[in-house]
Amino acid sequence: MPITPQEALQRTIEHREIFHDEMVELMRQIMRGEVSDMMVAAILTGLRVKKETIGEIAGAATVMREFSRRVDVADRQHMVDIVGTGGDGSHTFNISTCAMFVAAAGGAKVAKHGNRSVSSKSGSADALEALGAVIELQPEQVASALAHTGIGFMYAPVHHPAMKVVAPVRREMGVRTIFNILGPLTNPAGSPNILMGVFHPDLVGIQARVLQELGAERALVVWGRDGMDELSLGAGTLVGELRDGQVREYEVHPEDFGIAMSASRNLKVADAAQSRAMLLQVLDNVPGPALDIVALNAGAALYVAGVADSIADGVLRARAVIADGSARARLDAYVVYTRQLAVQP
């Protein structure tokens, strides 16, 4: 017998786990709109208070993938997603979006799953729009962009229409729920490799093990000790690495890669225009902490994608494609191509 919403709520109140298969059925009911808003809010609150387990998160992510509009990609070799849970409150420029262009220029295929702003002043979707790209592409258009430019951006509302069912509840609740950590786990292109930033240190090991359960090939899940959901320059970064079916947790520091430490306040922006300006400075090879943090995160993406042998090797490759202009050229090519896609009948 599938678990009922009432039984699920009771479990959370008693701090007992909703098992993986039960969570799958419960999430299907929620995504089909069969559970009342009041009950959805109660269950989400109960899960948050008791703390979601690996099995619960993996079960919920499985259903979100089921209900998504998929991007068909024939060759996933060297494919990577660079994504964060958001919610770290850092208000930095869009580091992961800038790293996307660098990683693509360095030889990775970047299938980035993103949305509008959560923790930064400019989310990945906001940043791409400010750069002139078209973000609301259909799945087949994303596949075409990925094939032609090495970059495919999947705007979450296009690919997860079923999320409209829970959007009003999430908006009214106004607090983090399991859905905040599901987005990065539900890449519509099925990227087998992922660089994921998280907003809490506990999630480093949890999300790495969820990805392991979901069948990912390689992953780096990161949290900076200064609170950033990126590999940080301002402090050490906790890392959960999935490789060869095993999860290993460790800590890295910017000095390990020949990068000077720098406080995150040096990366802060007030709005999308400032974020755009800082991103372009990086791609135009202007030295400073913004370039350093992009090289570090793009280097990690190249490592997890299997292009680089190590993060350090990835950082060198990232700096090279920024310096020779190919990362900036990749941005320009992507903007032009998405505009062409948007006007095609």
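Every residue gets a Cβ built from N, Cα and C, even glycine.
Secondary structure at G84 (anthranilate 1 binding site), as computed by DSSP, is strand. G84 (anthranilate 1 binding site) is surrounded by 29 other CB atoms, counting those within 10 A of its CB over all protein chains shown. The anthranilate 1 binding site annotation in Swiss-Prot covers G84, N115 and is backed by sequence analysis.
Positions annotated as 5-phospho-alpha-D-ribose 1-diphosphate binding site by Swiss-Prot: G84, 87-88, T92, 94-97, 112-120, S124. If you take the C-beta of N115 (anthranilate 1 binding site) and look for same-chain residues 6 or more apart in sequence within under 8 angstroms, you find G123, S124, A125, Y155, A156, P157, G183.
As annotated by Swiss-Prot, Mg(2+) 1 binding site applies to S96, E230. Annotation for E230 (Mg(2+) 1 binding site): spatial neighbours G84, T92, I95, S96, G197, V222, G224, T237, I293, N297, criterion Cβ-Cβ under 8 Å with sequence separation of six or more.
The annotation anthranilate 2 binding site is assigned in Swiss-Prot to R170 on the grounds of sequence analysis. According to its DSSP assignment, R170 (anthranilate 2 binding site) is helical.
Taken from Swiss-Prot, the feature Mg(2+) 2 binding site covers D229, E230, and the record attributes it to sequence analysis. Under the three-state DSSP scheme, E230 (Mg(2+) 1 binding site) falls in the coil class.
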### Message
With every protein chain in view, what's the tally of Cβ atoms within 10 Å of the Cβ of D229 (Mg(2+) 2 binding site), excluding that atom itself?
### Response
30
### Query
In the structure shown, with every protein chain counted, which of the binding-site residues H113, R116, R170 has the densest set of Cβ atoms within 10 angstroms of its Cβ?
H113
### Query
Rounded to the nearest angstrom, how far is the Cα of D229 (Mg(2+) 2 binding site) from the Cα of H113 (5-phospho-alpha-D-ribose 1-diphosphate binding site)?
16
## Note on the structure
By the 10 Å Cβ-neighbour count, the most surrounded of the binding-site residues T92, S96 is S96
### Query
Looking only at DSSP and grouping its letters into three states, which state does N115 (anthranilate 1 binding site) belong to?
coil
### Message
In whole Å, how far does the CA atom of D229 (Mg(2+) 2 binding site) lie from that of R170 (anthranilate 2 binding site)?
### Response
22
